[in-house]
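Peer 1: So TrEMBL has the following annotated:
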type	residues	note
ACT_SITE	CYS346	active site, proton donor
BINDING	GLY239, GLU275, PRO276, GLY277, ARG278, TYR375	pyridoxal 5'-phosphate binding site
BINDING	ARG278, ARG314, TYR318, GLU347, TYR375	substrate binding site
DOMAIN	29-373	domain 'Orn/DAP/Arg decarboxylase 2 C-terminal'
DOMAIN	35-281	domain 'Orn/DAP/Arg decarboxylase 2 N-terminal'
MOD_RES	LYS60	N6-(pyridoxal phosphate)lysine
Amino acid sequence: MDHFLYRDGVLHAEDVPLAEIAEAVGTPFYCYSTATLTRHFRLFDEALEGMDHLVCYAMKAASNQAILRTLAGLGAGMDVVSGGEYMRALAAGVPGERIVFSGVGKTRDEMRLALEGGIRQFNVESEPEMRALSEVAVSLGVVAPITVRVNPDVDAKTHAKIATGKSENKFGIPISRARAVYAEAAALPGIEVIGIDVHIGSQLTELEPFRQAYQKVADLTEELRAEGHDIRRLDLGGGLGIPYTRSNEAPPLPTDYGALIRETLGHLGCEIEIEPGRLVAGNAGILVSEVIYVKEGEGRDFLILDAAMNDLIRPAMYDAHHDIIPVVEPAPGVEQTPYDVVGPVCESGDTFARGRMLPPLAEGELVAFRSAGAYGAVMSSEYNTRPLIPEVLVNGREFAVIRARPTFDEMINRDTIPEWL
Ligand code: LLP
């Protein structure tokens, strides 16, 4: 469920007509709904009610300060994967003890930053990383709390580029080696083992892979406890998928996911962390774009938009589907025609959709890409020297620009000319 609905024939974000925002900020732009963000965060929080838990929003999905602050105000922790994300979380007012640090290649500088600023735990992904972390912690006179991310070798049944839980993926340590790694961890002076971490992939549309992974984590918890490790926290990663089409997709709900966690891991008495990103932000954001031209091709019409692959790369990168809808509601029964929906960037990969059935559209009309709140703005670039597009947050009848479009001068002046030129 989201808060982007037609009202009086015009698409609104909560109580604001999108045309009003387009008028104020120009197109293209990202627009987020506070009500949807809040609703989705709360669904997870409530799904784990009764268990000691913390929902650590995976801020890689959408990391604008205003979004982080909205979620932090609801009690969210954060899952960060870089020094930059760590600083963003702190800047949004999230205390270190609510930040978990994930990622396969944390540098010593990043470790230092987090140990000095405060951190809930590092999710360690390899022995060399664990040794480096121990050294850094010892050099600072502190002890680093860790979980070890285990790779359970289960098939997440998702797109190959976003599956992480198979043995061929670079993530975590093979679960078969876990006991040896925990034994080494226990002996390292700068490390305190507190739990286990697992994350098997993103956009999972079934619960079964989670069940398999979590059962393996339950078994491992008991084995490690038997060997004397104080396993008291389980970080279960993110990955619950969202419906990208309005039609027949029905991925499991956070309540079902919560019930699965309770069933597979509830008896262990551990504190539970989850790291959802997409389900919190995905359907809480849309991308609004204007039709520049409609070009007649051979056997097809091209809808040329002012948004491009640099603004929303998911279709080009993962063949991802995003519903595209006109901002002005089509009259009932209007005949749809197929369009190839493309952007102005100079490569054929800059195609959002082929043969997409849409009502007739003309120059100057607005369209919205649904489900663009997660991995949209954060993955955008200035390719073709196209400015990063504004982000707007709506709250009831109010809206605010939460990231402004840079001017051409701002973009150009980020470059510096060597003195010999
Ligand atoms: N935790 C870890 C360790 C992760 O690597 C990820 C996502 C998450 C949590 C959040 O997963 P989510 O709940 O959002 O599925 N750019 C891709 C998705 C990449 C996901 C990377 N890791 C896309 O646009 O589909």
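Keep in mind that glycine also has a Cβ here, set from the backbone N, Cα and C atoms.
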Peer 1: Which number gives the other C-beta atoms within 10 angstroms of the C-beta of ARG278 (pyridoxal 5'-phosphate binding site), all protein chains shown included?
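Peer 2: Around ARG278 (pyridoxal 5'-phosphate binding site), other Cβ atoms within 10 Å: 25.
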Peer 1: CA-CA, which of the recorded positions LYS60, TYR318, GLU347 lies nearest GLU275 (pyridoxal 5'-phosphate binding site)?
Peer 2: LYS60
Peer 1: So what's the mean pLDDT when you look at the domain 'Orn/DAP/Arg decarboxylase 2 N-terminal' (35-281)?
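Peer 2: Summarising the domain 'Orn/DAP/Arg decarboxylase 2 N-terminal' (35-281) by its mean pLDDT gives 96.
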Peer 1: Provide the number of Cβ atoms within 10 Å of the Cβ of ARG314 (substrate binding site), excluding the reference atom itself.
Peer 2: 20
Peer 1: If we check Cα distances from ARG278 (pyridoxal 5'-phosphate binding site), which of the recorded positions LYS60, CYS346, GLU347 wins as closest?
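Peer 2: With Cα distances computed to ARG278 (pyridoxal 5'-phosphate binding site), the winner among LYS60, CYS346, GLU347 is LYS60.
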Peer 1: Can you tell me which of these recorded positions sit near ligand 1, meaning the Cβ is under 6 Å from at least one of its atoms: PRO276, CYS346, GLU347?
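Peer 2: Correct list: PRO276.
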Peer 1: Write down the Cα-Cα distance for TYR318 (substrate binding site) and TYR375 (pyridoxal 5'-phosphate binding site), rounded and given in Å.
Peer 2: 11
Peer 1: Sequence gap of 6 or more, Cβ distance under 8 Å: name the residues on the same chain that satisfy this around GLU347 (substrate binding site), in order along the sequence.
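Peer 2: Those within reach of GLU347 (substrate binding site), by Cβ under 8 Å and sequence separation of 6 or more, are MET309.
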Peer 1: Quick check: which same-chain residues outside GLY239, GLU275, PRO276, GLY277, ARG278, TYR375 lie with their CB within 8 A of the centre of the pyridoxal 5'-phosphate site CB atoms?
Peer 2: ALA58, LYS60, ALA61, SER202, GLY238, LEU240, LEU279, VAL280, ALA281, ALA374
Peer 1: Fewest other CB within 10 angstroms, which one of the binding-site residues GLY239, PRO276, GLY277?
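Peer 2: Relative to the other binding-site residues in GLY239, PRO276, GLY277, GLY277 has the fewest Cβ atoms within 10 Å.
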Peer 1: Rank the binding-site residues TYR318, TYR375 by the number of other Cβ atoms within 10 Å of each Cβ and report the first-ranked residue.
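Peer 2: By the 10 Å Cβ neighbour count, TYR375 comes out on top.
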Peer 1: I need the CA-to-CA distance for ARG314 (substrate binding site) versus LYS60 (N6-(pyridoxal phosphate)lysine), whole Å please.
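Peer 2: With the alpha carbons as reference points, the distance is 14 Å.
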Peer 1: In the structure shown, which of the recorded positions LYS60, GLU275, CYS346 has the fewest other Cβ atoms within 10 Å?
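Peer 2: Taking LYS60, GLU275, CYS346 as the recorded positions, the minimal 10 Å Cβ count falls on CYS346.
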Peer 1: Express the distance between the Cα positions of PRO276 (pyridoxal 5'-phosphate binding site) and TYR318 (substrate binding site) as a whole number of Å.
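Peer 2: PRO276 (pyridoxal 5'-phosphate binding site) to TYR318 (substrate binding site), Cα-Cα distance: 20 Å.
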Peer 1: To the nearest whole angstrom, state the Cα distance for the pair TYR318 (substrate binding site) and LYS60 (N6-(pyridoxal phosphate)lysine).
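Peer 2: If we compare the Cα positions of TYR318 (substrate binding site) and LYS60 (N6-(pyridoxal phosphate)lysine), the gap is 17 Å.
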